[in-house]
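Worksheet: one structure, shown below.
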């Protein structure tokens, strides 16, 4: 690696600390490892340079000499014909485990496998969501085969240990590369990673251990749920394999809107219409709530759009105590198509209030009372 700057190879500045050198090497070793870049000669050369640079910069004595005299003193001293030569990979075994099968990237498939979760959407009416309801749902899920008790083998027969992988579910393959000998681990093709061979598969589940079943499940939905809420039913999902735990069933709630009420959190809103005269004089109205009708006194002088609160008449708080409130919005209706008597009354009301009339209003009044005479 003639005239190469080892610090530059690792993406570092001269004088970098030991910790910085280790971190840089770790990152680059993963990126350019030959097993991750099969057939890529450029990556292979880059990997070789990275290791050569690390051999020097990770050794205090070599690093000191390099800092004083440069890389020329170490050219050709990196890798011998035996692969990595004297390079010490101590402390970096976890990097190479992912390529050699020693780390967590290789999964064993002969142990218990947990079942998958299931999601099911339930649509409720507004009232069902407010008061709570019991719903029967139908779920299609994978369950342990009763015929073979989930073993996958026909009753009266048994499994045998896979002779290829000796029951581990994995096989190790040694390969020679320009950088030396590498051992990789892969799933055993003969037993598909289970570690066992089923000589006579179960006639019901065909050796799988699980079968599809349609089940009816009663779900108790509490009062106060709303659209977007999710209820977990533990252990009601897909069954596991080889003794694995079952998954969960998640009930996603969807609530149909009400024609009369609007819901915001645990509060309910409703509009009620009253006449202009009742708004001015005050009146008693009947208000519909989710629990039935109640009486409410609207005070005189109420303006259109005014909100009145009915405390505790809202929706129950899920898994808690108390309820929200109901808000009543008063809409004051302005009359249309007034008859002569109604108009006269309004003109009289305007005069009683001391309101000034513009020319058009005065003209209408004159014509109106003129016709009366």
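Heads up, the Cβ atoms here are built off N, Cα and C, so glycines get one too.
Per Swiss-Prot, the feature domain 'J' maps to 5-70; the stated evidence is sequence analysis. Look at Swiss-Prot and you will find 132-214 tagged as zinc finger, backed by sequence analysis. Positions annotated as Zn(2+) 1 binding site by Swiss-Prot, on the basis of sequence analysis: 145, 148, 202, 205. Sequence annotations record features per position, and here Swiss-Prot assigns repeat 'CXXCXGXG motif' to 145-152, 162-169, 188-195, 202-209. If you look up Swiss-Prot, you'll see 162, 165, 188, 191 marked as Zn(2+) 2 binding site, on the strength of sequence analysis.
A coil conformation is recorded for residue 191 (Zn(2+) 2 binding site) in the three-state DSSP classification, outside any helix or strand. Ranking the binding-site residues 162, 165, 188, 191 by Cα distance from residue 145 (Zn(2+) 1 binding site) puts 191 first. The Zn(2+) 1 site, placed at the center of the C-beta atoms of 145, 148, 202, 205, has further neighbours from the same chain whose C-beta lies within 8 angstroms: 146, 147, 149, 150, 151, 152, 153, 154, 201, 203, 204, 206, 207, 208, 209, 210, 211. Highlighted: of the candidate stretches 145-152, 188-195, 202-209, 188-195 has the greatest count of Cβ pairs under 8 Å to the repeat 'CXXCXGXG motif' (162-169). Cα of residue 205 (Zn(2+) 1 binding site) to Cα of residue 191 (Zn(2+) 2 binding site): a span of 17 Å. Taking only the Cα positions, the spacing between residue 191 (Zn(2+) 2 binding site) and residue 202 (Zn(2+) 1 binding site) is 16 angstrom. A gap of 22 Å separates the Cα atoms of residue 188 (Zn(2+) 2 binding site) and residue 202 (Zn(2+) 1 binding site). Look at the repeat 'CXXCXGXG motif' (202-209): DSSP puts its residues at 0 helix, 0 strand, 8 coil. Helix, strand and coil counts under DSSP for the repeat 'CXXCXGXG motif' (162-169) come to 0 helix, 0 strand, 8 coil.
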